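Colleague: Per TrEMBL, the features are:
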TRANSMEM  12-33  transmembrane segment
DOMAIN    24-351  domain 'Ammonium transporter AmtB-like'
TRANSMEM  53-72  transmembrane segment
TRANSMEM  159-185  transmembrane segment
TRANSMEM  211-231  transmembrane segment
TRANSMEM  243-263  transmembrane segment
TRANSMEM  296-316  transmembrane segment
TRANSMEM  337-354  transmembrane segment
Amino acid sequence: MAAVSPACPRRLLPLSLGLFQAALLLFFAFFITYNKPSAELKDADHLYSIFPFFQDIQVMLVVGLGLLLAFLPHYGLSALTHNFLLLNFSTQWALVLQGLLQHLHHGQEVPLELHNLLRAEFAGVTVLISVGAVLGRATPCQLLLVASCEVPAYLASEWVITTHLGVLDVGGTITIHVFSCYFGLGVSKALFGAVQHPENPKETPTPRSDLLSLTGTLVLWVFWPSFVAALCQPGDAQHRAILNTYLAMSSGAVTTVMGSSLLHRDGKLSPGHLQNGSLAGGVAIGVVADMAVPPVAALALGTLSALMCVLGFRFLTPFLARKFLLQDQCGIHNLHGLPGILGAVASAVAVLLVPEDTS
């Protein structure tokens, strides 16, 4: 058997991306168009209202999440690059799938709107979260394969949850965070769950890499209300979503510092706790953010989600790695899985307790 040329693996990535982009050009040429000028003028106010949210989300995903993943000192540049690549690849792939479904359903060209682009980018978010479970241990081609499989799975899951189950989830607590968490853990188990993998010394964060990651956390924390409120109905619902998200994240940040300090004998703070626990409130509040819940509920949800995240890093992650050989590099189960489940339970409680005449 002839030996495989060492150049083949290096050429696989550019070849795959080139074929994908060429197919995308053909698809857009035949199926994608813009709305008519009259419709654009009619929706001008809506465009100006949603575009600031869109820009905030761009900063979150490209800058904030990219820096958050840079806590591995020898993988920081790759983390930023792969995050940027996967976001663009997954968003375009989601646009293709959305366009195909709409074309098959209506049999006409698909109008491209900012709202459609935002929904496609949310599909890309699921990929960015999921690959955190295998951060630094998967090749770019493996990551692209994960994205190719996850985006259609997400679109199908979202359709079932929102259409058939009737779940209202404006902030993506269930459809994005919970789904992407357990999809990512499944990928990690499939790739690396057969044997116990000892921790590599290169995976130990340094003060400099922790500082970069914490900077990403701060960027995400500032812009998170836009992520939750972007798809809310303009007006009271969007206003409530912004306020509730801020309250949940503020209480979560304070609780994270408290919990991290209590879990260390010397009272020092864990960078990993700060980088993740401070964002847990934003994950949990998404499903009830636009509901008429009292402000104290948002504060309580942020507090509980931060506690779950910090305790998960301290006890649950080592337990899962020891007993089930489950590798979770970024702790996505603690930041996205546990708070997401808490938010889902909170939404059920809110629907049951809030009077029917309340919006």
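Just so you know, the numbers here start at 1 and follow the chain as drawn.
Just so it is clear, glycine is given a Cβ too, placed from its N, Cα and C backbone atoms.
Can you walk me through where each of these features ends up in the structure?
Modeller: Taking Cβ pairs closer than 8 Å, the transmembrane segment (53-72) reaches residues 79-80, 83-84, 87, 114, 117-118, 121, 124-125, 128, 132, 135-136, 202-203, 205, 209-210, 212-213, 215-220, 223-224, 226-227, 229-230, 271-272, 275, 329-330 in its own chain, all 6 or more past its ends.
Remote same-chain partners of the transmembrane segment (211-231), defined as residues 6 or more beyond its termini with a Cβ less than 8 Å from a stretch Cβ, comprise 50, 52-54, 56-57, 59-60, 63-71, 76, 115, 118-119, 170-172, 205, 238, 241-242, 245-246, 249, 253, 271, 274-276, 278-279, 282, 285-286, 289-290.
Note on the transmembrane segment (243-263): residues 171, 221, 224-225, 228-229, 269-270, 273-274, 277-282, 284-286, 288-290, 293, 295, 298-303, 305-307, 309-311, 314 of its chain, located 6 or more positions outside it, place their CB under 8 angstroms from a CB of the stretch.
For the transmembrane segment (296-316), the residues of the chain that approach it from at least six positions outside its boundaries are 243-245, 247-253, 255-256, 259-260, 263, 270, 272-273, 276-278, 280-281, 283-285, 288-289, 331, 333-335, 338-339, 342-343, 346, 350, judged by C-beta separation under 8 angstroms.
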